[in-house]
Structure formats: C-alpha cells, structure tokens
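Features as listed in Swiss-Prot:
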{"type": "DOMAIN", "residues": "8-72", "note": "domain 'J'"}
{"type": "ZN_FING", "residues": "143-219", "note": "zinc finger"}
{"type": "REPEAT", "residues": "156-163", "note": "repeat 'CXXCXGXG motif'"}
{"type": "BINDING", "residues": "C156, C159, C207, C210", "note": "Zn(2+) 1 binding site"}
{"type": "REPEAT", "residues": "172-179", "note": "repeat 'CXXCXGXG motif'"}
{"type": "BINDING", "residues": "C172, C175, C194, C197", "note": "Zn(2+) 2 binding site"}
{"type": "REPEAT", "residues": "194-201", "note": "repeat 'CXXCXGXG motif'"}
{"type": "REPEAT", "residues": "207-214", "note": "repeat 'CXXCXGXG motif'"}
Amino acid sequence: MASSTKKDYYEILGVPRNASQEEIKKAYRRLVRKYHPDICKKPECEEKFKEINEAYQVLSDPEKRKLYDMYGHAAFEGAGAQQRVETTEIPPIEEILREFFDFDIGSIFERATGRRRARRRRSVKGEDIVVPVEITLEEAFKGTTVPIEVEREVPCSACGGTGYDESKSRTCPTCGGRGETVQGNWFFQVRQTCPTCGGEGVIYENCHACTGRGYGLVKETIKVKIPPGVRDGSKLVVEGKGHAGRYGGPPGDLYIIVKVKPHKIFERKGDDLYVDVNITYPEAVLGTEVEVPTLDGEKVKVKIPPGTKEGELIKVPGKGMPRLKGSGRGDLYVRVHIDVPKIGVLSKLLGDGKKVEELLKQLQEVLPKPERIVER
C-alpha cells in the first residue's frame, strides 16, 4: 500500500499524537479484544488487525515513533532503506496475553500435568534495529565504511528459532490428535478448538536451550558501507541484520540514520557546496583571481569579474558533492564578501587622514548613485 493511501497510525489506534506509551498500550489491548482473529471470526477482522498491529509496532517503539512523527509513512519506505518497517504477521493471542499480563495460557496445563507445554507458535517477523551514525562531510564526499556495534537477538542454535524441541512431541491426550474437541450428545454436538494443543493435535516441549523463547542475545560488529554523496538524514538498510524472527519468522533489518557533521569551510545545499571568500574593495572594482579549496583536495582558481557586488555568487561547475542517485557531481558556489576598510585604517596606511577623506569624497561625486531600496 502506498504511503499516500495508508491511514495515520494514531488514527488507527484511536489515540492523540501526544499519547503516552501507557495510553498506546491501553488502546492496543482494547483493539486486540475486539479484532484479533482468534476472537473475532469475521473475515474482515484479520486485515483490520494486521493494520492495528503494524501501527502498534511503530508507535510502541520510541525510535520508530520518532521517525514516524518526523517523516510519516515515508520514514519506512523509499530512499535509502527501500524497505517497509511493518509487522503484518499476527501474533497468537496467548503471546499478547503474555506480553501485557505476564500470563501464560499454557500454565494451567503445566500445573495439571507437571510438564511444560509448547505448542507450535505462529512465526512473526523480527524487530528492526535503528542506529544513528555521524560522519564528516569529507566521508560523505568520498564514501566510507563504518563499524556498527549492535546487540541483536539471533535464532537459538538448538531449535533453529522455533522455540520447541521436535524430538520431544506426543499426540495431544485431550483431542487424540484431531485438534478439536466435541461436547454434547448424539442429538446436539459442539465442536471447538482443543484448549490443550490449540488445534495442532500435537504437544511439543519447549527447547531446553532457550526455554521456548526461540532466540538468544549476541553482540556483533557489522561493517556498513556509506556511499559517496550520502545526505544528512539518509536512511540505509542492511537486510536481515535486525532481531531474529519469532518461532521461525524472518529477521528484521538494521537501519542506519546518517548524520553529517557541519563543515568549517563548506556549506552544503543538496548536491551543491558553498564557500565564502573575502576580497578587498579595489579587487571588487578592478576584478581579481582567488584560489579556493575543494573537497577532492585540489585548489581551483576562480576569476572575480570587475564590479563584483557583496554576496555575489560565482559558479564553479562540477565541483560539488557526488550525486547519490545518478552520475556526476553538483556545483561549487563561491560567495564573495567585500572587505571595506575603516577610514582610520586608511589614514594609518597613507599617513594623511584629511587627504584620504577628500579623495573618498571626490570618488563619491563621480560614482553613479545606487538605488537605496533593493527590490526582490
């Protein structure tokens, strides 16, 4: 779905934009009870709940919520990342109960039988990791590789991320492997999903290594390539380097938010660079040539034409930043500033203040009068 047609996440959950995390969780719990497919059997409930779950996954995560508040749905689409940050997999109702109420629906079975129950869970995509990275303008010009240290969840090596031990399974004693129970008599019968195995027909024991979580935590250094021409605020993605998916689901992605430090000489606007140079008043009148630096290390000579005005821009083609999308480079603009000396400085240099003042008055008489008010 295009970002222009997607509903506002706050509107989906029915909360204001300044809602607290507790208000967001409360709204989500209310919608779970109304629309979760395990509760609501209407065909439209599944798509509705996917929308609700996606909104909650973003607004309940402070980093993702910050990006969403700044850029809207575009924060997780298009430039840089090229991936959508969303969770359309529907977590089982017991997983939600565990998250909000610290309640395991299987605990009743465990207390009654004295052994852990571990049904097959529905796979869920792993959470994304968002990391800010600061680089210099020179690094943005040339491109660079930066090491990113992250602590991420990885699939359990013992169970492969499923959370259960397939070698230790048995037919459900309640339903006999059918996945449903039948109550009533020959005249009237009610069929319902087996409460012991959740409709699977088989009971699996939790993995001993991860105790059913399906993942473990590891610290990892990931080298991320920053392309030449990257802009401040650009989003880059390393696919599959987020947190592990739940119960065999695909992993999330690692998102890099690039911050380019301000430069002491150059100002950047898009793919163009701006540099300020000072010239004297006679140079402005007569014209001159100045040498200016560039980010590729060379210096270029720029001609200042006679009659140059304060703040005038002189374009040096092809000496700006590399274009991130496309070939070539932007332009370098030299912004001219005229250093007008005070009369006291001229008097010291020439040794006669009155003579300097007379010369300036004579010059003022012959020069054309400028328009005082500048029209934009």
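In case you wondered, yes, glycine gets a Cβ from its N, Cα and C as well.
A mean pLDDT of 80 is what the model gives for the repeat 'CXXCXGXG motif' (194-201). Neighbour count (other Cβ atoms within 10 Å of the Cβ, all protein chains): 19 for C210 (Zn(2+) 1 binding site). Neighbour density at the Cβ, taken as the number of other Cβ atoms within 10 Å, is lowest among the binding-site residues C156, C159 for C156. Within 8 Å of the centroid defined by the CB atoms of C156, C159, C207, C210, the record's Zn(2+) 1 site, lie the Cβ atoms of P155, S157, A158, G160, G161, T162, G163, Y164, D165, N206, H208, A209, T211, G212, R213, G214, Y215, excluding the listed residues themselves. Taking residue pairs at least 6 apart in sequence, the repeat 'CXXCXGXG motif' (207-214) and the repeat 'CXXCXGXG motif' (156-163) share three or more C-beta contacts under 8 angstroms. Take the CB of C197 (Zn(2+) 2 binding site) and look out to 10 A: across all protein chains shown you find 24 other CB atoms. Separation of the C-alpha atoms of C156 (Zn(2+) 1 binding site) and C197 (Zn(2+) 2 binding site): 23 Å, rounded to the nearest whole number. Taking DSSP states H, G and I as helix and E and B as strand, the repeat 'CXXCXGXG motif' (156-163) has 0 helix, 0 strand, 8 coil. In this structure, of the binding-site residues C194, C207, the smallest number of CB atoms within 10 A of the CB marks C194.
Ranking the binding-site residues C159, C207, C210 by the distance of their Cα atoms from the Cα of C197 (Zn(2+) 2 binding site) places C207 first. In this structure the alpha carbons, written CA, of C175 (Zn(2+) 2 binding site) and C207 (Zn(2+) 1 binding site) are 23 Å apart. The DSSP secondary structure for C194 (Zn(2+) 2 binding site) is coil.
Spatially, by CA atoms, the binding-site residues C159, C207, C210 include one closest to C172 (Zn(2+) 2 binding site), and that is C207. Excluding C172, C175, C194, C197 themselves, the residues of that chain whose CB lies within 8 A of the CB mean position for the Zn(2+) 2 site are, in sequence, P173, T174, G176, G177, R178, G179, E180, T181, P195, T196, G198, G199, E200, G201, V202, I203.
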